[in-house]
Amino acid sequence: MEELTATNTSHTIQFTILCFSDLPHLQLPFFIIFLTIYLNIIFGNTAVFLTIVFDSHLHTPMYIFLSNLSVLDISYTSTILPNLIFMLSTKHKIISRIQCFTQLFFFLGFTCTEMTLLAVMAYDRYVAICHPLHYTLMMSPSTCLVMLIVIWMVTFLEPISFTVLVSQLYFCSTNEIDHFFCDLNPLLKLSCSDTTHVNMISYILGVLVGMGTFGLTSVSYVYIVNNIMNIQSVAGRHKTFSTCVSHLTSVLLFYGTTLSLYMRPTSMYSPKQDKFYSLLYAILIPLLNPIIYTLKNKQFKDAFQKNSIRFLYFLSR
């Protein structure tokens, strides 16, 4: 009987993404909301990226990392939202096996990249605040370039083997994914195979990548806070802390949602809860990042106003 089940489930060639099927009366409002959010994510992050590229005064490590964060936010949001918008508008919710695992691979890759990039940005703030005299040496253009190359290349190696491993699982005849994209937890929940080894590897990789980058970020901020507390004047402490408050806000939002979502047993999986957390870190954070990093940044706002005409020309081409 087990052999027959394995035979039937191993040939699953497509999945059905349920999205928000339990709320049929909200399909049109969801379509409008997600389309608006996606367009704002594209516009906001593209504006940040182009401002930094076009203004030579912003060609510093902090802004170079921020431009990469903007590209990253556009990239990993684009692995989810276009397909979700298409499904909400057409009600065609079928996704092939290859498309599903491709989406999983890129989403895991971009998530790992964002974790690592946030950690490097924290290190950049640590060097700027705790070792200002050595900043230009420790964060030279060549050093930043090497960091970015390593981040973008290495963080996409880990999801390859893991995605292949998940793709080898047997899936039940009920191939409905109760989510709005092919995420890890709903796929494991859907599998008829023993997923113990996959869960174990997931936790190990989560500790190595997630907790590792979170640890590096936390240590950086421990030193930053300690350094700030040693500044005598209140104005000096406030000015120094203001240089990293945007990044700290982004870090707390990102890790608060991703760690609560992935660093827990599959038995605690809740479709509604997972959809909510996924919306926060996959959609809301990329939407807020341009605002968080530029709202009180006078240098960026001046550069944006100066280059706005060049933006319009670039976007109209």
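Heads up, the Cβ atoms here are built off N, Cα and C, so glycines get one too.
Between the stretches 165-184, 245-264, TrEMBL puts its transmembrane segment entry on 245-264.
Sequence-distant contacts of the transmembrane segment (135-157) (same chain, at least 6 residues past either end, Cβ-Cβ under 8 Å): 61, 64-65, 68, 109, 112-113, 115-117, 120, 124, 127-128, 209. Same-chain neighbours of the transmembrane segment (276-295): 34, 37, 40-41, 44-45, 47-48, 66, 69-70, 73-74, 76-77, 80-81, 107, 179-181, 183, 246-247, 249-250, 253-254, 257-258, 260-261, 301, 304, counting only residues six or more beyond its ends whose CB sits under 8 Å from a CB of the stretch. Each residue in the domain 'G-protein coupled receptors family 1 profile' (44-293) has a pLDDT score, and their mean in this model is 86.
Away from its own ends, the transmembrane segment (30-54) comes close to residues 20, 23, 63-64, 66-67, 70-71, 73-74, 77, 81-82, 84-85, 88-89, 283, 286-287, 289-291, 293-294, 300, 303-304, 307, 310-311, 314-315 of its chain (Cβ-Cβ under 8 Å, at least six residues beyond either end).
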